[in-house]
Amino acid sequence: MAEIELKTAPADFRFPTTNQTRHCFTRYIEFHRCLAAKGEESGECEKFAKYYRSLCPGEWIERWNEQRENGAFPGPL
């Protein structure tokens, strides 16, 4: 059986408090900006995907994905 390594996003000086809401939102935006700039085939954006997936609740991600699809996402993509 393969060993599974669990990791979370590295510490970020922009988010010094224990509330990681802004950190989660920022990493989600960074991921989608990276995809827009480098394309979905690029593996360079995967680190941002890992970060936001480890920080953000699944319900938020689902809602943000729906908002992006509908053109109603509140963030700067």
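Each residue, glycine too, has its Cβ placed from N, Cα and C.
No curator has checked TrEMBL annotations; they are predicted automatically.
TrEMBL lists a disulfide bond between Cys45 and one candidate from Cys34, Cys56; that candidate is Cys34. Each residue contributes its Cα atom, and for Cys34 (disulfide bond) and Cys24 (disulfide bond) these two points are 15 Å apart.
With the fewest other C-beta atoms within 10 Å around its C-beta, Cys56 stands out among the disulfide-bonded residues Cys24, Cys56.
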